[in-house]
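For A:72-295, the entry in TrEMBL reads domain 'LUD'. Here TrEMBL flags A:310-377 as domain '4Fe-4S ferredoxin-type'. Taken from TrEMBL, the feature [4Fe-4S] cluster 1 binding site applies to A:Cys313, A:Cys316, A:Cys319, A:Cys373. According to TrEMBL, the feature [4Fe-4S] cluster 2 binding site maps to A:Cys323, A:Cys366, A:Cys369. Sequence annotations record features per position, and here TrEMBL assigns domain 'Lactate utilization protein B C-terminal' to A:384-471.
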Amino acid sequence: MPMKIGTGEFKERVDKGIHNSFMRGAVAGAQERLRTRRLEAAEELGNWEEWRALGEEIRKHTLENLDYYLWQLSENVAKRGGHVFFAQTAEEANEYIRDVVVKKNAKKIVKSKSMVTEEINLNPVLEAAGCEVIETDLGEYILQIDDHDPPSHIVAPALHKNKEQIRDVFKAKLNYKKTENPEELALHARHTLRQAYLTADVGITGCNFAIAESGSITLVTNEGNADLVTALPKTQITVMGMERIVPTFEEMEVLVSLLTRSAVGQKLTSYITVLTGPRDQGDVDGPEEFHLVIVDNGRSNILGTEFQSVLQCIRCAACVNVCPVYRHIGGHSYGSIYSGPIGAVLSPLLGGYDDYKELPYASTLCAACTEACPVKIPLHELLHKHRQVIVEREGKAPISEKLAMKAFGLGAASSALYKLGSKLAPSAMNPFTVNNRISNGPGPLKAWTEIREFPAPGKERFRDWFHNRQKGDHQS
Amino acid sequence: MKVTLFVTCLVDLFHTNVGKATVELLERLGCEIEFPEAQTCCGQPAYNSGYVKEAKEAMKHMIRTFEHAEYIVTPSGSCATMFKEYPHIFKGDPEWEPRAKALADKTYELTQFIVDVLKIENVGAKLKGRATYHTSCHMTRLLGVKDAPMKLLKNVDGLEFVPLPNSHNCCGFGGTFSVKMGPISEQMVDEKIHHIEEVNADYLIGADCGCLMNIGGRIERQGKPIKVMHIAEVLNSR
Ligand code: SF4
């Protein structure tokens, strides 16, 4: 699976994450900042809940009519002289893009940020075809020069690194001599990247929203790099997940407002670029040739299922920025380029349960994600649905758990059994009880007591107390 | 007013004092308490682990057990939330959906009941010391009960209330999460305790025994001098 990152079992990756104090410091700091800024931006807008409801409605409507809007989009792109390719799989998408690049005899490719090209793992394919591929988003650039360190956050891919670590990467790889001051670092990167834009043959971009009515694509950035990637090279290839589409400019505006506020707490980002097809007569810049690659890669299998709402996602990472689990384990622990709550829902759907079966359980179902999501995806409910599918359809739950839950079902549905079981509990726990505490419990209690004390079941249950009290009342 | 108590399985078996405090408190506020002996568990442990079929058996049993009640009150935000979820879980079931809805509509978390139904904000409690409050996730985010406990705590005589930094972050309980994902849970609860210590609280108060068992069990393991109390116990202190 191309979207897979890292090696080792989930447990080992988590262990590594938990012990990476640099990463945890960086993530906790970023979460505080981004959360506060998002709340302030929402507050400033005023009627945030109405905006969310509108965002949800737009995304739902678009998904219900996805085939129509995709058709409209491709017609309009073609009308403007662009080429559209529907790729069912990652391989098909990669092959198409490689063919375009080879036909153009391209040697140098500049890219702006795109999660879907990470998902299909495009870069190695282009490099194998003899191209130099340069990421121009600063975060992506840092990761690329650091021996292709994978992204750990869907909006800020290098979030797991602090500025000292970035300085060290620059020193080792770019012969950088200055300090860890972010401005100096950015300036250095900009110098290197400027050259790349001017000499690149092909520019590749992602797509925040495609607009069906006009065949345009919208790119939202803070660095302006997408403008250069699309303005300078002769050929432009835009890669989009098939659900990243809106009917008209009007809906695009609503979603961009939700996106920039939710992602970084800004009213608007520094650059919002709308591009329509190749350079027209009279245009001063823009590519001579434009290709739009629409990637399915498992998305149409999600349509029409109980998981459809996950396709409403606009990749703002608000859910990631409030997730208390992500906070402690970091993005790489998820083993997927999609991390955090959205990653825990999406990765098993796109990549299968074999690789991602732990992710739906790596959540307390605290619903912080659901509360933050600007398009009202019920993320914690979808995580719960995954658990249900794993138990009922996939049959992947451990036998011991199945038996325990069967017993639970029987016990909790019968007051007689419950009463008997709860009456026997204190004596069953007797051997493990010291001072009304269990410090080293048996069975499932073991994992609990490795970390915390467990209260021993009382000799008198609440129901016994209540019963005796009522009796006493009656006697008196 | 007649109140039917859903005490929750955790309180019935492990935290009996919370149950006792709930009864005494509500009686003091003029309620008559009834306790249907057939009650078991809301089904959350099985439901949240994905065992919906098994959980539904428990849920049907609870619907039957509480069908006669006028007001169902429970000292747990999380279990109240579970009752409120029943109609959603039985959606489309012609027999059980309406019965689930009837149950959900008359279910209240304890502080919510005191403030919204009894319309009381000062229960006449006294407790000396510095306290902070853990906002449990299901109670605040899903049940939407945020202000009631604050209003009640503010009026406890002698209690100095300090807000808990980062209160929005989960304590790491999450039912089976606490054992399935032990190492992550440990980090989460340790951060929670760090913030409790940061404000020098003598008491950590909460409205959910699951969270309190997690935070309290960890505090106890580390031998820290913080007392963990359920809000029913606080409101019943005199
Ligand atoms: S799931 Fe919602 S909050 Fe998370 S990235 Fe997508 S749109 Fe943003």
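Each Cβ is built from the backbone N, Cα and C atoms, and glycine gets one as well.
Location within the structure of each feature annotated in TrEMBL.
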| residue | record | contacts (Cβ under 8 Å, 6+ apart) |
| --- | --- | --- |
| A:Cys313 | [4Fe-4S] cluster 1 binding site | A:Glu243, A:Ile342, A:Leu346, A:Val375, A:Ile377 |
| A:Cys316 | [4Fe-4S] cluster 1 binding site | A:Val155, A:Leu258, A:Leu259, A:Ser262, A:Ala263, A:Pro374 |
| A:Cys319 | [4Fe-4S] cluster 1 binding site | A:Gly340, A:Pro341, A:Ile342, A:Ala368, A:Cys369, A:Thr370, A:Ala372, A:Cys373, A:Ile377, A:Leu379 |
| A:Cys323 | [4Fe-4S] cluster 2 binding site | A:Gly340, A:Pro341, A:Ala368, A:Cys369 |
| A:Cys366 | [4Fe-4S] cluster 2 binding site | A:Pro324, A:His380 |
Under 6 Å from ligand 1 by C-beta, which of these binding-site residues make it: A:Cys319, A:Cys323, A:Cys366? Sequence order, please.
A:Cys319
What other residues of the same chain, not counting A:Cys313, A:Cys316, A:Cys319, A:Cys373, have a CB atom within 8 A of the CB centroid of the [4Fe-4S] cluster 1 site?
A:Ser262, A:Ile314, A:Arg315, A:Ala317, A:Ala318, A:Val320, A:Pro341, A:Ile342, A:Cys369, A:Ala372, A:Pro374, A:Val375, A:Ile377, A:Leu379
Please give the average pLDDT for the domain 'LUD' (A:72-295) in this predicted model.
92
May I ask you to pick out the binding-site residues among A:Cys316, A:Cys319, A:Cys366 with a CB closer than 8 angstroms to chain B's CB atoms, ordered by sequence, or 'none' if no residue qualifies?
A:Cys366
Using a 10 Å cut-off on Cβ-Cβ distances across all protein chains shown, tell me which of the binding-site residues (A:Cys369, A:Cys373) has the largest neighbour count.
A:Cys369
Residues of the domain 'Lactate utilization protein B C-terminal' (A:384-471) by DSSP state, where helix covers H, G and I:
57 helix, 6 strand, 25 coil
Provide the three-state secondary structure of A:Cys369 ([4Fe-4S] cluster 2 binding site) computed with DSSP.
helix
Secondary structure at A:Cys323 ([4Fe-4S] cluster 2 binding site) (DSSP, helix/strand/coil)?
coil
Once the DSSP letters are reduced so that anything not helix or strand counts as coil, what is A:Cys313 ([4Fe-4S] cluster 1 binding site)?
coil
